[in-house]
Amino acid sequence: MESLNAEDPVSVGPFRLIGRLGVGGMGRVFLARSAGGRTVAVKVVHAELAAQDEFRRRFAREVAALERVGGTGTAPVLGSDTTAESPWVAIGYVPGPSLRTVVGDEFGPLPPATVRALASGLARALDHIHAAGLVHRDLKPSNVLLTVDGPRIIDFGIARAVDHVSDGGNLTTTGAVVGSPGFMSPEQVRGDQVSPASDIFCLGSVLAYAATGRAPFGTVDSGVHATMFRIAHDEPDLTDLPPELSGLIRACLAKDPAARPTATEIVETLPVADPWLPADVLARLGRHAAQLLEAEGSSAEASETPPPPTGTTSPTAPAAPRRRGRTALLAAVTALVVVAAAGAAYTYWPRNGGTTGGGGGGRNVTTGPTRPAAGIVPAAFLGAWEGVLKGKPDAPYETSRIEITQGAAGAKAAVYTHVTGEQLCIGRATLISATDSELVLGEAEITESVPAQRCTPAARQTLTLRSTDVVEWGSGVAKSTFQRVRTGTNIVPAAFVGTWKQAPDTVTQPDPDRWSYVVTVTQGPVGAPLVRFEQAYPRTDDQGNQLSGTIRCATTALVGGAGSLLVIGPETRDPDTWDPDCAENGSSNLRIVRYQGKERLQVYGMSADGEPAEFVRD
């Protein structure tokens, strides 16, 4: 997301703008917030298009289609004015990347269990769209957004009511076919009547892309007409499609619309899995959500001038104010007092273990018998495991976490998170072999490195099952015992979540009101920036005498593990709240203790022994 510039309005209708999400052929899209605090995406049509009557009618039709669907599996309409000088529509903001971005640019093909869950979510959305009497007509990877709660279908610009999609209804006034080559149905290609079955064919193409990373009828690189010919006449290329997905996808891609399953039939055969996305994709969503919160925070200090009446846009945006922030410079700022917690015992592992992960099951839409989920990983290994590589369980210097999903030999079925005192590395490892007692991981690739470009891929890793909750981990000469831990979208123990301020009894400087140190812990998955530090303190001269200025620092840290201790990677500076005198800390582990009957959050550095920073609830 980009900041607003001088040409952007500060508000559109009743919505206050926060930043730019992008600019397309139709118009500008802004991130905004309603008076009630809801985050929305506002699309404002380009002036040159707004001057065209035909385009206005198309835009009004898109808005009407969105309103007709109502938000199930899509983004709900929260406001619009299609007759304004600059027509606009506000829809619920969908905090997630497109399927095209995730598969094509970032992570590659999705695991079979995730594709089944994707099919279930998209079928539910299409079922609702079709029940509203609409055909989407442009279902493709870039029009599918992935969120923690499931997929969302966007872009109803060419959606049409079923009773209005007649013969020739797929042609524009210039004779061009409506749709996206590569993800069209045979009916669209031929210009025939389009029904809800057309969306099901497109769904099959989208699912094939999600599972293999390729469009089943090729790309337009070989020519648009060649691609459209293959859609109309050739069988799909489903090379590398996992067998358990074949029945569903082939049924959707039947040339005869009457032979395809309906959205309702797909919904009835596919359960919803939770969590439905791989761990590294969930981490990406968590980082995106944190960036959104930071953007909203910076906007909150903008002008308090109320927005103009609905149907208007305010022409000029004010300069963005400096955002308040936080960072950890505790050693230079405070003298910490050790909490006397005699007899207090800390453990890195949850006493009662954790919930296991793994892919969800489900039947495929097929005329033949159903098949179990393909993969060689025994159920006992599925889920997340964490261990201490250096140090002790209550004082780790180096930790590792491995989350294992179902997959065939050669699949990247494991996501690992490795934290040392100075870096955090997240990667995906290839499954080499698996027996009932041993799992072997090989070739790996780095997907996240803090600091940037510091991590190297993990070597061969072996996990040996000792019990339902314990595995022995080995890599080269390194060995450790890993415990089963929580997995999913909300792995932070509830006791950590919230805002914490520095314990008053640990502030020893004069004028304590000028010293502020705050830690905010939010809920989310491993790999997301869930811990934020904010610090403010007086500027001083070389002799330590206080000056009039205030130093403000802010950092965030990715979560790398979550047992009774919360492990975080090195802090990353917030450039909007960063003084030259600020400094970033390395990795830390956080724990909850009780002092004088109340909870305290302790933050221990993982690079060396030392006293913790201590915080109480704000």
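The backbone N, Cα and C atoms fix where each Cβ goes, and this holds for glycine too.
Residues or ranges marked as domain 'Protein kinase' by TrEMBL: 15-277.
DSSP assigns Lys43 (ATP binding site) to a strand. Note on Lys43 (ATP binding site): other Cβ atoms within 10 Å of its Cβ, all shown chains, come to 22. The ATP binding site annotation in TrEMBL covers Lys43.
The region 'Disordered' annotation in TrEMBL covers 295-323 (among others).
Here TrEMBL flags 295-304 (among others) as compositional bias 'Low complexity'.
Feature annotation from TrEMBL assigns compositional bias 'Low complexity' to 311-320 (among others).
Among the features that TrEMBL reports, transmembrane segment is placed at 328-349.
Annotated region 'Disordered' per TrEMBL: 350-370 (among others), in sequence order.
Taken from TrEMBL, the feature compositional bias 'Gly residues' applies to 354-363.
Restricting the average to the domain 'Protein kinase' (15-277) gives a pLDDT of 84.
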